[in-house]
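The domain '3-hydroxyacyl-CoA dehydrogenase NAD binding' annotation in TrEMBL covers 2-171. Annotation source TrEMBL lists CoA binding site at SER30, LYS37, SER106. According to TrEMBL, the feature site 'Important for catalytic activity' maps to HIS127. Look at TrEMBL and you will find 173-270 tagged as domain '3-hydroxyacyl-CoA dehydrogenase C-terminal'.
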Amino acid sequence: QIAAASGHTVVLVDQSDEILKKSTKGIEESLKRVTKKKFADKPEAGAEFIKTTLKNLTTSTDAASVVHSTDLVIEAIVENLEVKNELFKRLDKFASEHTIFASNTSSLQITKMANATTRQDRFGGLHFFNPVPVMKLVEVIRTPMTSQKTFESLVDFSKAVGKSPVSCKDTPGFIVNRLLVPYMMEAVRLFERGDASKEDIDVAMKLGAGYPMGPFELLDYVGLDTSKYIIDGWHSLEPNNPLFAPSPLLNKLVEEKKLGKKTGEGFYKYK
(Lines of atoms letter the chains of each structure in order from A and count residues from 1; the text may use other names and numbers.)
(Lines give C-alpha, C1' and ligand atoms only; values in the text may rest on other atoms or scores of the structure.)
Protein backbone atom coordinates (compact mmCIF):
# COMPACT_ATOMS: atom_id res chain seq x y z
CA GLN A 1 0.00 0.00 0.00
CA ILE A 2 2.59 2.59 1.05
CA ALA A 3 4.88 1.69 -1.87
CA ALA A 4 2.04 2.01 -4.40
CA ALA A 5 0.79 5.23 -2.77
CA SER A 6 4.26 6.78 -3.12
CA GLY A 7 4.37 6.13 -6.86
CA HIS A 8 6.18 2.79 -7.02
CA THR A 9 5.02 0.02 -9.33
CA VAL A 10 4.18 -2.91 -7.05
CA VAL A 11 3.44 -6.57 -7.64
CA LEU A 12 1.83 -8.21 -4.62
CA VAL A 13 2.48 -11.96 -4.51
CA ASP A 14 0.63 -14.54 -2.43
CA GLN A 15 -0.37 -18.19 -2.56
CA SER A 16 -3.84 -17.90 -4.07
CA ASP A 17 -6.04 -15.50 -6.03
CA GLU A 18 -8.54 -15.64 -3.18
CA ILE A 19 -5.99 -14.28 -0.68
CA LEU A 20 -4.90 -11.63 -3.20
CA LYS A 21 -8.48 -10.45 -3.76
CA LYS A 22 -8.92 -10.11 0.00
CA SER A 23 -5.59 -8.26 0.26
CA THR A 24 -6.47 -5.82 -2.53
CA LYS A 25 -9.85 -5.13 -0.90
CA GLY A 26 -8.08 -4.56 2.42
CA ILE A 27 -5.69 -2.09 0.79
CA GLU A 28 -8.60 -0.26 -0.83
CA GLU A 29 -10.42 0.03 2.54
CA SER A 30 -7.21 1.24 4.18
CA LEU A 31 -6.69 3.86 1.44
CA LYS A 32 -10.23 5.13 1.99
CA ARG A 33 -9.41 5.68 5.66
CA VAL A 34 -6.20 7.53 4.72
CA THR A 35 -7.96 9.80 2.21
CA LYS A 36 -10.67 10.74 4.71
CA LYS A 37 -7.94 12.38 6.81
CA LYS A 38 -5.53 13.44 4.06
CA PHE A 39 -8.11 14.88 1.66
CA ALA A 40 -10.85 15.88 4.12
CA ASP A 41 -11.80 18.99 2.12
CA LYS A 42 -11.07 17.58 -1.35
CA PRO A 43 -13.05 14.36 -1.93
CA GLU A 44 -12.28 14.43 -5.68
CA ALA A 45 -8.52 14.54 -5.07
CA GLY A 46 -8.99 11.70 -2.58
CA ALA A 47 -10.79 9.55 -5.12
CA GLU A 48 -8.04 10.28 -7.67
CA PHE A 49 -5.36 9.31 -5.12
CA ILE A 50 -7.06 5.93 -4.49
CA LYS A 51 -7.43 5.30 -8.22
CA THR A 52 -3.76 6.14 -8.99
CA THR A 53 -2.50 4.04 -6.06
CA LEU A 54 -4.51 0.98 -7.10
CA LYS A 55 -3.29 1.43 -10.69
CA ASN A 56 0.28 1.02 -9.39
CA LEU A 57 -0.65 -2.33 -7.88
CA THR A 58 -0.95 -5.69 -9.64
CA THR A 59 -1.08 -9.18 -8.14
CA SER A 60 0.42 -12.57 -8.95
CA THR A 61 0.60 -16.07 -7.49
CA ASP A 62 3.94 -16.80 -9.18
CA ALA A 63 6.84 -14.87 -7.67
CA ALA A 64 9.44 -16.37 -10.03
CA SER A 65 7.61 -15.06 -13.10
CA VAL A 66 7.48 -11.42 -11.94
CA VAL A 67 10.81 -11.06 -10.16
CA HIS A 68 12.91 -10.66 -13.34
CA SER A 69 11.72 -7.07 -13.81
CA THR A 70 11.97 -6.04 -10.16
CA ASP A 71 14.43 -3.67 -8.45
CA LEU A 72 13.51 -4.65 -4.90
CA VAL A 73 11.95 -7.80 -3.44
CA ILE A 74 10.47 -7.50 0.06
CA GLU A 75 9.62 -10.84 1.64
CA ALA A 76 7.01 -10.95 4.41
CA ILE A 77 6.05 -14.63 4.57
CA VAL A 78 5.82 -17.01 7.56
CA GLU A 79 8.53 -16.62 10.25
CA ASN A 80 10.31 -19.84 9.36
CA LEU A 81 13.92 -19.74 8.21
CA GLU A 82 13.76 -22.87 6.04
CA VAL A 83 10.67 -21.66 4.16
CA LYS A 84 12.18 -18.19 3.68
CA ASN A 85 15.50 -19.63 2.46
CA GLU A 86 13.69 -21.88 -0.01
CA LEU A 87 11.87 -18.85 -1.46
CA PHE A 88 15.00 -16.69 -1.68
CA LYS A 89 17.01 -19.52 -3.26
CA ARG A 90 14.34 -19.91 -5.95
CA LEU A 91 13.95 -16.18 -6.62
CA ASP A 92 17.72 -15.74 -6.75
CA LYS A 93 17.78 -17.82 -9.95
CA PHE A 94 15.18 -15.64 -11.73
CA ALA A 95 15.91 -12.14 -10.42
CA SER A 96 18.00 -9.66 -12.36
CA GLU A 97 21.58 -9.14 -11.19
CA HIS A 98 20.90 -5.65 -9.76
CA THR A 99 17.79 -6.73 -7.78
CA ILE A 100 18.03 -6.20 -4.02
CA PHE A 101 16.44 -8.77 -1.71
CA ALA A 102 15.08 -7.71 1.69
CA SER A 103 13.28 -9.54 4.48
CA ASN A 104 10.64 -8.05 6.79
CA THR A 105 11.48 -10.62 9.51
CA SER A 106 11.28 -9.38 13.08
CA SER A 107 13.36 -12.08 14.75
CA LEU A 108 15.34 -14.24 12.30
CA GLN A 109 18.92 -13.70 11.16
CA ILE A 110 19.18 -11.82 7.85
CA THR A 111 22.69 -13.23 7.31
CA LYS A 112 21.35 -16.80 7.20
CA MET A 113 18.86 -15.81 4.49
CA ALA A 114 21.49 -13.91 2.50
CA ASN A 115 23.71 -17.01 2.58
CA ALA A 116 20.96 -18.99 0.81
CA THR A 117 21.51 -16.75 -2.24
CA THR A 118 24.37 -15.66 -4.51
CA ARG A 119 23.66 -11.97 -3.78
CA GLN A 120 24.93 -11.55 -0.21
CA ASP A 121 26.03 -7.98 -0.99
CA ARG A 122 22.55 -7.11 -2.33
CA PHE A 123 20.65 -8.43 0.69
CA GLY A 124 19.39 -6.63 3.81
CA GLY A 125 16.51 -6.30 6.24
CA LEU A 126 13.58 -3.89 5.97
CA HIS A 127 11.59 -4.35 9.16
CA PHE A 128 8.29 -2.42 9.04
CA PHE A 129 5.94 -2.06 12.02
CA ASN A 130 2.24 -2.83 12.37
CA PRO A 131 0.03 -1.22 11.15
CA VAL A 132 2.44 -0.17 8.37
CA PRO A 133 0.38 2.76 6.95
CA VAL A 134 0.37 4.37 10.41
CA MET A 135 3.75 3.47 11.96
CA LYS A 136 6.58 5.74 10.83
CA LEU A 137 9.53 3.48 11.65
CA VAL A 138 11.52 1.11 9.44
CA GLU A 139 14.58 -0.74 10.76
CA VAL A 140 17.16 -1.09 7.97
CA ILE A 141 19.37 -4.08 8.74
CA ARG A 142 22.80 -4.61 7.28
CA THR A 143 24.69 -7.88 7.46
CA PRO A 144 28.51 -8.03 7.35
CA MET A 145 28.16 -8.66 3.57
CA THR A 146 25.61 -5.91 2.72
CA SER A 147 27.28 -3.39 0.41
CA GLN A 148 27.18 0.34 1.15
CA LYS A 149 25.28 0.89 -2.12
CA THR A 150 22.59 -1.66 -1.10
CA PHE A 151 22.32 -0.16 2.38
CA GLU A 152 21.89 3.35 0.95
CA SER A 153 19.27 2.09 -1.54
CA LEU A 154 17.26 0.54 1.31
CA VAL A 155 17.47 3.75 3.35
CA ASP A 156 16.42 5.81 0.30
CA PHE A 157 13.47 3.48 -0.39
CA SER A 158 12.32 3.77 3.24
CA LYS A 159 12.35 7.57 2.96
CA ALA A 160 10.63 7.46 -0.44
CA VAL A 161 7.64 5.60 1.07
CA GLY A 162 7.41 8.24 3.81
CA LYS A 163 9.06 6.34 6.66
CA SER A 164 11.83 7.25 9.12
CA PRO A 165 14.63 4.68 8.81
CA VAL A 166 16.95 3.63 11.64
CA SER A 167 19.93 1.38 11.05
CA CYS A 168 21.03 -1.70 12.98
CA LYS A 169 23.44 -4.60 12.59
CA ASP A 170 22.06 -8.12 12.16
CA THR A 171 21.56 -8.81 15.87
CA PRO A 172 18.61 -10.75 17.45
CA GLY A 173 15.46 -8.60 17.41
CA PHE A 174 17.30 -5.61 15.90
CA ILE A 175 16.49 -2.52 18.04
CA VAL A 176 12.77 -2.46 18.88
CA ASN A 177 12.06 -6.15 19.51
CA ARG A 178 15.39 -6.67 21.28
CA LEU A 179 14.14 -4.20 23.89
CA LEU A 180 10.40 -4.87 23.63
CA VAL A 181 10.25 -8.70 23.82
CA PRO A 182 12.34 -9.02 27.04
CA TYR A 183 10.19 -6.23 28.54
CA MET A 184 6.99 -8.16 27.76
CA MET A 185 8.51 -11.41 29.09
CA GLU A 186 9.56 -9.62 32.28
CA ALA A 187 5.96 -8.45 32.73
CA VAL A 188 4.77 -12.08 32.42
CA ARG A 189 7.35 -13.16 35.04
CA LEU A 190 6.21 -10.38 37.38
CA PHE A 191 2.63 -11.68 37.04
CA GLU A 192 3.75 -15.35 37.34
CA ARG A 193 5.46 -14.55 40.65
CA GLY A 194 2.21 -13.01 41.89
CA ASP A 195 3.82 -9.61 42.46
CA ALA A 196 1.05 -7.72 40.64
CA SER A 197 -2.09 -8.42 38.59
CA LYS A 198 -1.87 -8.22 34.80
CA GLU A 199 -4.48 -5.44 34.82
CA ASP A 200 -2.41 -3.35 37.24
CA ILE A 201 0.80 -3.98 35.30
CA ASP A 202 -0.92 -2.78 32.11
CA VAL A 203 -2.33 0.36 33.80
CA ALA A 204 1.06 1.09 35.42
CA MET A 205 2.96 0.97 32.11
CA LYS A 206 0.35 3.04 30.28
CA LEU A 207 0.07 5.77 32.92
CA GLY A 208 3.60 5.57 34.33
CA ALA A 209 5.65 5.09 31.17
CA GLY A 210 3.23 6.64 28.66
CA TYR A 211 2.95 3.44 26.59
CA PRO A 212 -0.17 3.25 24.36
CA MET A 213 -0.72 -0.39 25.41
CA GLY A 214 0.27 -2.36 28.48
CA PRO A 215 2.53 -5.43 28.03
CA PHE A 216 -0.32 -7.98 28.30
CA GLU A 217 -2.53 -6.05 25.86
CA LEU A 218 0.45 -5.88 23.51
CA LEU A 219 1.18 -9.62 23.83
CA ASP A 220 -2.45 -10.39 22.96
CA TYR A 221 -2.26 -7.97 20.01
CA VAL A 222 0.99 -9.43 18.65
CA GLY A 223 -0.15 -13.04 19.22
CA LEU A 224 1.13 -15.26 22.02
CA ASP A 225 2.32 -17.87 19.51
CA THR A 226 4.44 -15.25 17.70
CA SER A 227 5.91 -14.02 20.99
CA LYS A 228 6.70 -17.59 22.09
CA TYR A 229 8.27 -18.34 18.72
CA ILE A 230 10.59 -15.33 19.04
CA ILE A 231 11.64 -16.02 22.63
CA ASP A 232 12.20 -19.74 21.91
CA GLY A 233 14.42 -18.84 18.95
CA TRP A 234 16.53 -16.42 20.96
CA HIS A 235 16.70 -18.88 23.88
CA SER A 236 18.19 -21.52 21.57
CA LEU A 237 20.80 -18.95 20.39
CA GLU A 238 21.66 -17.79 23.93
CA PRO A 239 20.46 -20.45 26.42
CA ASN A 240 22.19 -18.75 29.38
CA ASN A 241 20.69 -15.31 28.84
CA PRO A 242 18.01 -14.84 31.57
CA LEU A 243 16.21 -12.25 29.41
CA PHE A 244 15.46 -15.00 26.87
CA ALA A 245 14.22 -17.62 29.37
CA PRO A 246 10.88 -19.22 28.31
CA SER A 247 7.76 -18.65 30.43
CA PRO A 248 5.69 -21.62 31.69
CA LEU A 249 2.49 -19.50 31.62
CA LEU A 250 3.05 -18.30 28.05
CA ASN A 251 3.78 -21.89 26.94
CA LYS A 252 0.60 -23.13 28.66
CA LEU A 253 -1.64 -20.51 26.98
CA VAL A 254 -0.16 -21.30 23.54
CA GLU A 255 -0.69 -25.03 24.18
CA GLU A 256 -4.35 -24.29 24.99
CA LYS A 257 -4.60 -22.32 21.68
CA LYS A 258 -5.28 -19.12 23.60
CA LEU A 259 -3.20 -16.96 21.29
CA GLY A 260 -4.62 -13.50 22.00
CA LYS A 261 -6.99 -11.27 20.03
CA LYS A 262 -6.99 -13.47 16.92
CA THR A 263 -8.46 -16.45 18.81
CA GLY A 264 -10.70 -14.42 21.14
CA GLU A 265 -8.66 -15.20 24.25
CA GLY A 266 -5.08 -14.81 25.46
CA PHE A 267 -4.18 -13.10 28.70
CA TYR A 268 -7.57 -11.38 28.31
CA LYS A 269 -10.88 -12.47 26.79
CA TYR A 270 -12.21 -10.72 23.70
CA LYS A 271 -15.84 -10.77 22.54
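Glycine too: its Cβ is placed from the backbone N, Cα and C atoms.
Automatic, uncurated: that is what TrEMBL annotation is.
Computed from a predicted structure; not experimentally measured.
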Cβ atoms within 10 Å, counted per site: which of SER30, SER106 has the most, among these binding-site residues? SER106
For the recorded positions LYS37, HIS127, which Cβ has the most other Cβ atoms within 10 Å, all shown protein chains included? HIS127
Here the Cα-Cα span from LYS37 (CoA binding site) to HIS127 (site 'Important for catalytic activity'), rounded to a whole number of angstrom, reaches 26
Using the residues the record lists for CoA (SER30, LYS37, SER106), what whole-number Å value is the largest Cα to Cα distance? 30
Fill in the CA-CA distance, HIS127 (site 'Important for catalytic activity') to SER106 (CoA binding site), as an integer in Å. 6
